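Below you'll find the structure I mean.
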Amino acid sequence: PPRARRRTDPSWPGPLTLIHKRAPHIADTVSGGQDSIGIRCPSHPVAQALLAAFAAGKPNGQGGVAAPSANKFGQVSPTRADHVRSEFPDEVAAGMPVLEGGASEVGIESTILDLSRLDRGAGPVLLRPGHISAAQIEAVLGVQVFAPDAAAPRASGTLKAHYAPRTALELASDARLQAALQGRGLPPGKVVVVAYTPPPAAVDARIQWQQVPADPARYAQALYALLRELDGQGFARIIVQAPPDSEAWHAVNDRIGRAAAAFTLDTTDL
């Protein structure tokens, strides 16, 4: 659609996935059996080279690659090649190639924008926030971007619980964080606090403080690599300080909220 073309001009290649109505010739295995399909054009030069090599091998010099994310369902997304290798050791040992392109520049998954119902008079729907915000999309399209409803297509990363480490993760309000720092509601064992503010003078001896960037873009870039690192350090719990509730932090809040939703935790005094 013309709106989709306008949308892609400033953001493609880039971290934006567009959901369109599926053409009749698209196989069920590509669309997950739905009547819509997600299309993305990554900006990374290694991904661009892969797409160019694939298209060069096609008779008409055109085509795309259908591929899932390089992580197991529900778990933390990889942002480096070594994350992929650790996620799929058996497959790598059996000869699965892993393209090395350095660390992810954005750090979290793409924005997902649903345009599949424009022909029925529905507006664009933000299925998953990302580096490209709803406000940026609205500025280009000149129309409101809506929140998803029950009729929205099922899309990767839109489940309530997702992107979760193996270690229990808690999203803590300021009040809950203060209680934890005093040793209240903590499980036995070591606990790490991930916070964008410096540590206070007094912290319970069981707590390790991990400060992260206070800038939302830099926070997002570091988030998944940090969660994977902490996952291997034997902590009983990861407590994440709730980021600010603002548009700039929308994507980060979305990912941390989904990670925390994978766990039911007791935060009463233990």
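Glycine residues also receive a Cβ, built from the backbone N, Cα and C atoms like all the rest.
Residues or ranges marked as domain 'YrdC-like' in TrEMBL: 1-132. Feature annotation from TrEMBL assigns L-threonine binding site to R40, A67, S110. Taken from TrEMBL, the feature ATP binding site covers S69, S77, R128, Y163.
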Would you mind ranking the binding-site residues R40, R128 by how many other Cβ atoms sit within 10 Å of each Cβ and giving me the lowest?
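Among the binding-site residues R40, R128, the sparsest Cβ neighbourhood within 10 Å belongs to R40.
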Rounded to the nearest Å, what's the C-alpha distance separating S77 (ATP binding site) and R40 (L-threonine binding site)? Just drop the number here, would you?
17
Work out the three-state DSSP category of R40 (L-threonine binding site).
strand
Looking only at the domain 'YrdC-like' (1-132), how are its residues distributed among DSSP helix, strand and coil?
41 helix, 20 strand, 71 coil
Hey, how far is A67 (L-threonine binding site) from R128 (ATP binding site), Cα to Cα, in Å?
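Answer for this pair: 19 Å between alpha carbons.
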Over the domain 'YrdC-like' (1-132), what does the predicted model average in pLDDT?
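Mean per-residue confidence for the domain 'YrdC-like' (1-132): 88 out of 100.
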Spatially, which candidate from the binding-site residues S69, R128, Y163 is nearest to S110 (L-threonine binding site), comparing Cα atoms?
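Answer for the nearest of the binding-site residues: R128.
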At the Cα level, what's the spacing in Å between R128 (ATP binding site) and R40 (L-threonine binding site), rounded?
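Distance (Cα to Cα, whole Å): 14 Å.
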With every protein chain in view, how many other Cβ atoms are within 10 Å of the Cβ of Y163 (ATP binding site)?
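Other Cβ atoms found within 10 Å: 26.
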Compute the C-alpha separation of Y163 (ATP binding site) from R40 (L-threonine binding site), stating it in Å without decimals.
20
